[in-house]
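Structure record follows, encoded as structure tokens.
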Amino acid sequence: MTSASIGVQADRPADLDLVRRLRDPALLLVPALAFLAFIYLLPLIDLIRISVSGPSWSSYFERVFAIPLYWDSLVRTMQISVTVAGLCLLFGYPTALLIHRSRGLAQALIATAIVLPYFIAILIRTYAWMVLLGRNGPVNKLLVSIEILSEPVQLLFNRGTVLLGMTAVLLPLMVLTIYSSVARLDQSLTRAALASGAGPIAAFWRVMLPLTLPGMGAGFLLVFVAAIGFFITPTLLGGPGDQMFAMHITQQADSVTSEGFLQALGVVLLTITLAVVAVAGRFLGFEFIWGGRKLTEATPGKTDLRAADGSRRSLGASAADVIGWPLLRLFGRLPASCGTWTVRIMGGLVIAILILPIIVVMIISFSSASYLTFPPPGFSLRWYEQFFSDSNWMRAFWTSLVVAAMSAGIAIVLGASAALGIVRSSIRGKSAIMLLLVSPIIVPPVVLGLSLYSLFLRFDLVGSVFGLAAAHAIGGLPIVVVILSASLQGVDARLEQAAAVHGASSLTVFRLVTLPAIMPGLAAATFFAFLHSFDELVLTLFLSSAELKTLPLMLWGDINYRLNPVLAVVSTLEVLLVVAGLVLARPVLATSRKAT
Amino acid sequence: MAEPAALRAMRSGDANVGTSPTGRLRERDAIGSSIAVRDAVKRYGSFHAVDQISIDIEPGEFITLLGPSGSGKTTLLNLVAGFQSLDSGEILVDGKPVHNVPTHKRGFGMVFQSYALFPNMTVSQNVAFPLRMAGVDRATAERRVAETLEIMRLTEHATKSPSQMSGGQQQRVAIARAIVRRPKVVLMDEPLSALDRRLREQIQIEIRDLHRTIGSTILFVTHDQGEALTMSDRIAVLNAGKIVQIGRPLDIYRHPIDRFVASFVGESNLIEAEILQKRGSTLTMKSRTGYVFNAESRDTIDVGRATVLVRPERIAVSNEPTANSAPVSVTSAIFLGEILRIEAQMEGGEPLLIRCTDMADRPLPTVGDRLHVSWGAADCWVLA
């Protein structure tokens, strides 16, 4: 056998070289990168090009900053985003601890209460708050019935509701980010602190808190970055004085005259987002975006980093000594149960905030009243009948299904091959490539929609099902890549080696060992990519036409014009879809939590 | 070997070392506590992890909880540490009940299997942690940390972060952290199982020496019977949530109470035999294969059948028949260095394990060879 192969090698070395190159797993990255280059990078570059195409490169930007409306809105956006991120951190940390500390069924229920809203469309969750806080909503009814209010008042459309709504929408992201850093800690560290004489509060302050600081930082920045680009929630819950920056872009998008100026607005938003992410990535490592660990092994700069860590730590430690110890003695006097109760009360509050609106909406969908009121005067299925008999709703429903299925298909094919490429190849710059693949998560959807709009106009894709599916796949791709590269890394390389040693070809190894091992991840990735497209609204606002209406688009239109229980029906169906998906994916989530 | 000054100072009970404002840490107090566990029960659902365990531990004793995984040894340690609460029963330290005292007020030291060093602190900060928590002033704390690091030969690593150290060094830091307060009780949860054999043996010796120096009561958990035998004053063998036997290593090894202890601690031959005659504490017995021999026993056994333990190294082997020897045929023979490990079959087919020292005139037997084995009355132990 050896002599034969040597002979072949001697005859055609060039061919073999070519074969080897064609078998390089790095090639698997090409389709996804080409896709992103065309539909994601190119439009963004074009957006930047148009924004600097004025009389001088900065003229459009000068206009943006010269008009007080935009400057004020920018400042307001920053204020709101920081407040929301702060609130999320304040309430999210105890909730993450609550999940970590509970056991068995309680843990499963609490975790579900957090994860379920995470996968429900932002539009629907915002709508739920409108129902909850509306004039005939349960909050007003309750306040009147206990005679705090004499008659129902307008609770909506102010800064408070914007903050509440955005915090509620973004809390799951914060909780899950912090939970992953808490769960990663060795449990015996807390025990060691206790055994060393530290009370529960001291153990938390000296051990738990410092070690989860990176997780808190990551959560804060993820929420902040998401909040900057927020559009749906402030539009629906805010008043005229609560305009956020992203809202101006959609408002201006309708007028043709603002070409250039519009793009400059987008570039400003994009620049701020990227700057925050870049600074955060410098300190936390860019892995914080997808909550993963480093893909590359030991980097050469590691020792330097460590030394820097050392000096910073001693600085931090001395600060903690000066302020921390007296504080700690003070806190140490509190009964130990204080901490436990803080965690329980705040965690319970968060769960109520996340789950109650959804439950109220589900109940209202069975209402017999022709307007929104809670509690419903009676129960009926009339709104379900209306939904299923209305051809407009049904058409939108089918359009959404088709678009989401196509989008999930594109995302899974490109994403799976990219994940294989990134995990199995040995090319340099893996981190940079991963960053590029995952970056669509952080680009504000409004900016992405704006940039895609000109591309779609040029190629006459506006209003095409395929175009919309491809656009949705930009956001689906990162989901698939993150889930699948994690499951691929979880595949025991020794199993594959064992199969190969016993005579399996590389394709057989993939089919018999690798594929079954990543199958749960593949199923979860498909579902989440599907859901991403099914829920997508902002890109769709830019890219659909009168003939091509998706379900979220119909919802959006109805929420703005008439707030009736049909929307509650759609919301209930979406919740059921997510619940079904989570139930199916539960074994997957359980195993992937073990792996990461 | 030169003894570190700090160690000498400690042993002489130098009174000015570490006098804290609370007086909690005075050197002469650093003598172990007695621990008494009474009818401790811990259930998980219907599973009894700890099932009515009672044990009395003397002040300053080195006691090992030995058992297979799931035997309840770690649960018992966690109960003593206060990580889990008793379902019933009580735990007394120096006669005072502690089972309702939270962990951090019990004042124990503890070493964990995973080291559990705080990654956000340097070595010396880790070691200083228990002192800071006890409210010891900075100067005293620094001096104590320096002493303890010297004892554990870690002085030059004081400013390192734990992740920069090897497993053995990390475990020494963990031990330093556990003893820095001179606790009356040190708990050790399989502290050596993550280390390789050479390091394990080295740190075993260090822990034993340390125990003699500081005089704390040490409660040590392991599933490694060799470790238990070499380190402990007494061993408590656990199985299925109960203490099966408790005693000095020699007693446990020579006079196990039942088949479980006999086979879990050391290698053993368990021979079923019929009791023919009893004279004093000596029984005359006949194995199933017809081999008649004498055996020592407890007084309680007199007639019927019994299981006899014969340790493999107590079996005398010769190439020729001797007085009262039995023939065996070799089924495998392995050269282990200083000893030969021979598996053989007696004539009735009963397997027999033999360990004998390597000697110049004894060639390594080959499979099928016939040998002649014998053992004296003192070499056997009759189990219940």
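Cβ atoms here come from the backbone N, Cα and C positions, even for glycine.
No curator has checked TrEMBL annotations; they are predicted automatically.
Sequence annotations record features per position, and here TrEMBL assigns domain 'ABC transmembrane type-1' to A:74-280 (among others).
Annotation source TrEMBL lists domain 'ABC transmembrane type-1' at A:397-585 (among others).
What TrEMBL records for A:26-45 (among others) is transmembrane segment.
With a threshold of 8 Å between CB atoms, the same-chain residues lying at least 6 positions outside the transmembrane segment (A:78-99) that come near it are 107, 110-111, 114, 159, 162-163, 166-167, 170-171, 173-176, 178-179, 182, 216, 219-221, 223-224, 227-228, 230, 234, 242, 244, 342-344, 346-351. Marked as transmembrane segment by TrEMBL: A:78-99 (among others).
If you look at the transmembrane segment (A:106-128), the same-chain residues 6 or more away from its ends with a CB under 8 A from one of its CBs are 95, 98-99, 165, 168-169, 171-173, 175-176, 232-233, 236-237, 347, 350-351, 354-355, 357-358, 360-361, 528, 531, 534-535, 537, 552, 555-556, 559, 567, 570-571, 574-575, 578-579, 581-582, 589. What TrEMBL lists as transmembrane segment is A:106-128 (among others).
Within the chain, the transmembrane segment (A:162-182) has long-range Cβ neighbours (under 8 A, six or more residues past its boundaries) at 80, 83-85, 87-89, 91-93, 95-97, 99-100, 114-115, 117-118, 122, 125-126, 129, 208, 211-212, 214-216, 218-220, 222-223, 226-227, 230, 233-234, 236-238, 242, 291, 350, 353-354, 357, 596. As annotated by TrEMBL, transmembrane segment applies to A:162-182 (among others).
Summarising the annotation, TrEMBL assigns transmembrane segment to A:203-232 (among others). When Cβ-Cβ distances below 8 Å are used as the criterion, the transmembrane segment (A:203-232) is approached by residues 77-78, 80-82, 84-86, 88-89, 92-93, 122-123, 126, 166, 170, 173-174, 177-178, 180-182, 185, 189-190, 193-194, 244-247, 250, 269, 272-273, 276-277, 280, 283-284, 288-289, 291, 316, 320, 324, 328, 331, 339, 442-447, 537-538, 556 of the same chain, each at least six residues removed from its ends.
Marked as transmembrane segment by TrEMBL: A:261-284 (among others).
According to TrEMBL, the feature transmembrane segment maps to A:349-374 (among others).
Here TrEMBL flags A:394-420 (among others) as transmembrane segment.
Among the features that TrEMBL reports, transmembrane segment is placed at A:432-453 (among others).
Taken from TrEMBL, the feature transmembrane segment covers A:465-488 (among others).
Feature annotation from TrEMBL assigns transmembrane segment to A:509-531 (among others). If you look at the transmembrane segment (A:509-531), the same-chain residues 6 or more away from its ends with a CB under 8 A from one of its CBs are 119, 404-405, 407-408, 411-412, 415-416, 473, 476-477, 479-480, 483-484, 486-488, 490-492, 495-496, 499-500, 577-578, 581, 584-585, 587-589, 591-592.
The annotation transmembrane segment is assigned in TrEMBL to A:563-585 (among others).
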Contact between the transmembrane segment (A:26-45) and the transmembrane segment (A:394-420) (at least 3 Cβ pairs under 8 Å, separation 6+):
yes
Find the member of A:394-420, A:432-453, A:563-585 that has more C-beta pairs under 8 Å to the transmembrane segment (A:349-374) than any other listed stretch.
A:563-585
Chain residues in Cβ proximity to the transmembrane segment (A:432-453) (below 8 Å; excluding those fewer than six residues from its ends, i.e. six or more beyond):
29, 32-33, 36, 39-40, 43-44, 46-47, 225, 228-229, 231, 246, 249-250, 253, 262-263, 266-267, 269-270, 273-274, 277, 286, 289-290, 295, 418, 422, 462, 471, 474-475, 477-478, 481-482, 485, 538-539, 541-543
So which of A:261-284, A:465-488, A:563-585 has the most C-beta pairs under 8 Å when paired with the transmembrane segment (A:394-420)?
A:465-488
